[in-house]
Structure formats: C-alpha cells, structure tokens
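Student: Okay, handing you the structure first.
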Ligand SMILES: NC(=O)c1ccc[n+]([C@@H]2O[C@H](COP(=O)([O-])OP(=O)(O)OC[C@H]3O[C@@H](n4cnc5c(N)ncnc54)[C@H](OP(=O)(O)O)[C@@H]3O)[C@@H](O)[C@H]2O)c1
C-alpha cells in the first residue's frame with residue numbers, strides 16, 4: 001500500500017522549514033520514495049540556493065532510478081539562479097512525479113509538467129493541492145501582481161481600542177499571543193509601520209523567536225522624514241535592513257539616516273502622505289513579496305482605502321481601555337455605512353490563553 005498523501009505531507013512540512021529564508025521564491029519541499037521507503041528528501045533552504053528537487057536528489061541514500069518523487073510545487077523548466085529541476089529529475093531516472101501545486105510563474109506554468117511527460121515520466125498533479133497552495137499564498141500573489149501580499153495586524157481591547165487615551169498600547173495581549181506575533185513576523189519579508197507608531201512606541205520590530213530568528217526588513221512610512229535619529233529603529237538599522245519611505249527629496253536630510261544604515265525610498269505624494277500604491281510598486285521591484293503591517297489606525301485606514309490589504313489579523317486582548325480619544329484600529333475619515341466596508345471572509349480563529357486571534361481574507 002502506497003501512502004501518497006503521507007509522503008506529500010512530509011514534503012509540505014519540509015517546505016515550511018524554508019519560511020523566512022527563501023522570499024521572493026516559493027516554499028518547496030520534496031521527498032523521493034522507492035519500495036515504500038523514503039530514500040531522499042530536501043527543501044528550498046534559502047533564496048538563490050538549490051531547489052527542493054535537487055536537494056532531495058543530492059540527499060538520496062540509494063539510486064533514485066525507478067523511484068517516485070513527491071514535490072509540493074511543479075518543478076521548474078527554465079534556467080534561473082539554478083538550472084531546471086525537470087532536467088535533474090529526468091537525468092535521475094525517477095519514473096513518477098506527484099505534484100501538489102502548479103507554478104503560475106509564466107516561465108514555468110505547465111511547462112515543467114510537459115517536459116517531464118515528454119520524457120515519459122508519469123506525472124500526477126493536484127495531490128493535496130489546497131495544502132500545497134496555502135504554503136505559497138505570498139508567492140502566488142507576488143507573481144500575479146508584482147506587489148507584496150499585505151496583512152494588517154493589530155491588537156485591540158474588548159472595547160476595540162488599540163491604545164489608551166494617552167497613546168499607550170503595551171501590552172494589550174498576553175505573552176503567548178505576542179509569541180505568536182513573533183512567529184508570524186518570521187513568515188513575512190518585511191514589517192511596516194507609520195512614523196506615528198515610531199514616535200509613540202519606539203519599537204524595534206525584530207523577530208524574537210527561539211528557533212533561528214531572522215528579522216524581516218523594516219519599512220517606516222514617514223512623509224517628511226521625522227523619524228527620530230535616536231529611535232531604536234534608526235539605531236539598529238545596521239543590524240536589520242531598514243527603509244524609510246518618504247516624499248522628502250532633500251539629500252542632506254537623507255544622509256544622516258543613511259550613515260546609520262537606513263535606506264531611503266522616495267515616493268510620489270498623495271493626500272499629503274506618501275503614495276502607498278507607488279510604494280507597493282517600488283517594494284515589488286526590490287523583491288519584497290509580503291508585508292506585515294503593524295502600524296496604527298492612520299496607516300491602516302490609508303491601506304484599506306487604497307484596496308491594498310489582503311488579510312487582517314485582529315487580536316482581542318482581555319482588557320478594556322475606554323476613552324473617547326483612545327485610538328481604534330482603523331482611523332481616517334472612515335466609511336459612511338457598513339455596506340461601504342470591504343467584504344471579509346473569516347479564515348481562522350485561535351485562542352492564546354485569554355486572548356483571541358481572528359483572521360480574515362479580503363474578498364476581492
Ligand atoms: N495595539 C496595536 O496593535 C498598535 C499597533 C501600532 C500602533 N499602535 C498605537 O497606535 C498609535 C499610533 O497611531 P498612528 O495612527 O499615529 O500610527 P501609524 O498609523 O503607524 O502612523 C501614522 C503616520 O504615518 C505617516 N504616514 C506616511 N504615509 C502615510 C499614508 N499614506 N497614510 C497614512 N499615514 C501615513 C503619517 O505621518 P507623515 O505623513 O507625517 O509621515 C501618519 O501620521 C500609538 O498610540 C501606538 O501605540 C497600536
């Protein structure tokens with residue numbers, strides 16, 4: 001009896017080990033099986049490194065001739081940073097390939113499957129497709145739009161406040177919810193906030209997970225370049241790549257930040273702030289496929305208004321703050337009626353001690 005799904009699940013778990021290291025490439029895992037024994041396995045470990053199929057072939061303990069490969073994403077058929085995986089599979093003598101997701105990258109898009117079939121390799125597609133597809137939500141969005149996938153994340157109290165009337169927000173949720181935020185940061189290529197959050201909270205926005213912490217790139221939306229030079233963000237920008245997105249074109253104002261290690265991204269202006277559409281285009285061009293927005297309600301509103309949000313993570317902590325002037329998660333002018341709100345689909349609910357995480361996908 002052959003456990004096709006079990007082998008693909010193993011490949012999926014392997015693929016996840018690449019989280020935080022491969023962007024803007026996809027997460028991919030592969031397992032090679034002969035006589036019902038896994039003889040080799042591998043995953044895409046880092047951007048520019050060997051693809052999962054070649055890793056699995058390299059790790060084979062015995063000859064893969066006549067074996068089956070289980071791979072979460074269609075093997076590539078073009079020369080990129082690595083030679084085509086379909087070629088390596090053909091040369092290895094593997095006779096069956098089970099594939100989870102097809103690769104929408106125009107350079108692959110069915111060609112990988114065709115190349116294998118032309119070489120008389122049996123190809124079975126769509127094995128655990130949904131699970132394999134969900135590995136690469138960011139990659140699929142990025143390939144289709146050339147812009148990052150955007151998640152808004154905020155923590156609010158039972159009465160819907162993200163900060164007190166005096167601006168204090170640390171901490172609305174407990175330790176285990178905050179540990180989840182750090183695990184999530186690792187999955188995204190960049191974290192973004194507005195300069196208002198830097199003024200009020202002076203955050204570091206790094207990734208403090210126990211397992212192999214990799215901090216995402218940090219992006220601060222700062223129209224007039226007001227980020228304090230002594231902020232933790234600026235002071236740690238030699239250790240963690242940091243972009244200040246601004247409309248300020250005065251080079252003499254850029255250079256002190258640059259000396260600390262920040263990079264400056266000049267964008268067009270819209271409604272007196274940086275133009276977020278222009279910013280998304282520029283971020284896409286520099287290879288940023290995913291953004292975790294942890295800003296305040298001002299930036300959150302602008303992103304929603306511009307239809308730039310794909311997903312929302314709303315934490316509800318077991319506290320109340322009250323106060324008419326205490327901020328909520330979405331500020332700006334607001335929508336006129338509930339019908340004007342974007343449509344959301346509830347995609348996940350989790351509990352962390354007394355706190356709740358609600359996740360929503362925006363329906364386009
Ligand atoms: N509980 C939570 O999850 C959480 C998370 C983050 C923050 N907070 C709290 O939220 C408060 C800060 O709120 P905030 O609304 O001031 O923070 P914010 O949204 O992070 O920053 C707002 C600032 O970003 C700048 N910005 C640049 N381009 C923008 C654009 N296109 N659209 C909108 N803003 C743009 C604006 O200043 P310029 O135009 O001058 O650059 C604006 O004033 C603090 O009290 C903080 O503690 C809570």
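Just so you know, glycine gets a Cβ as well, placed from its N, Cα and C.
In case it's useful when we look at the structure, here is the feature table from TrEMBL:
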ACT_SITE  53  active site, proton donor
BINDING   51, 76, 85  Zn(2+) binding site
BINDING   155, 169, 171, 197, 201, 223, 296, 297, 298, 299, 300, 301, 302  NADP(+) binding site
BINDING   185, 205, 208, 294  substrate binding site
DOMAIN    2-116  domain 'CMP/dCMP-type deaminase'
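Set these features in their place in the structure for me.
Tutor: Neighbour density for residue 53 (active site, proton donor): within 10 A of its CB lie 31 other CB atoms from the protein chains shown.
Taking a C-beta cut-off of under 8 Å and a sequence gap of six or more, residue 85 (Zn(2+) binding site) has these contacts in its own chain: 51, 52, 53, 54, 75, 76, 77, 112.
Reduced to three states, the DSSP call for residue 298 (NADP(+) binding site) is helix.
For residue 185 (substrate binding site), the count of additional Cβ atoms within 10 Å of its Cβ stands at 23 [all protein chains shown]. Residue 185 (substrate binding site) carries a helical DSSP state (H, G or I).
Residue counts for the domain 'CMP/dCMP-type deaminase' (2-116) under DSSP, split into helix (H, G, I), strand (E, B) and coil, are 34 helix, 25 strand, 56 coil.
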Student: Which of the three DSSP states, helix, strand or coil, fits residue 155 (NADP(+) binding site)?
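Tutor: Going by the DSSP assignment, residue 155 (NADP(+) binding site) falls within a strand, counted as strand.
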Student: Run through the Cβ atoms and count how many others sit within 10 Å of the one on residue 171 (NADP(+) binding site).
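Tutor: Summing over all protein chains shown, residue 171 (NADP(+) binding site) has 12 other Cβ atoms within 10 Å.
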Student: If you measure residue 296 (NADP(+) binding site) to residue 208 (substrate binding site) at Cα, how many Å is it?
Tutor: 21
Student: Name the one residue among 155, 171, 201, 298 whose Cα is closest in three-dimensional space to that of residue 185 (substrate binding site); these are the binding-site residues.
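Tutor: Ranked by Cα distance from residue 185 (substrate binding site), first place goes to 155.
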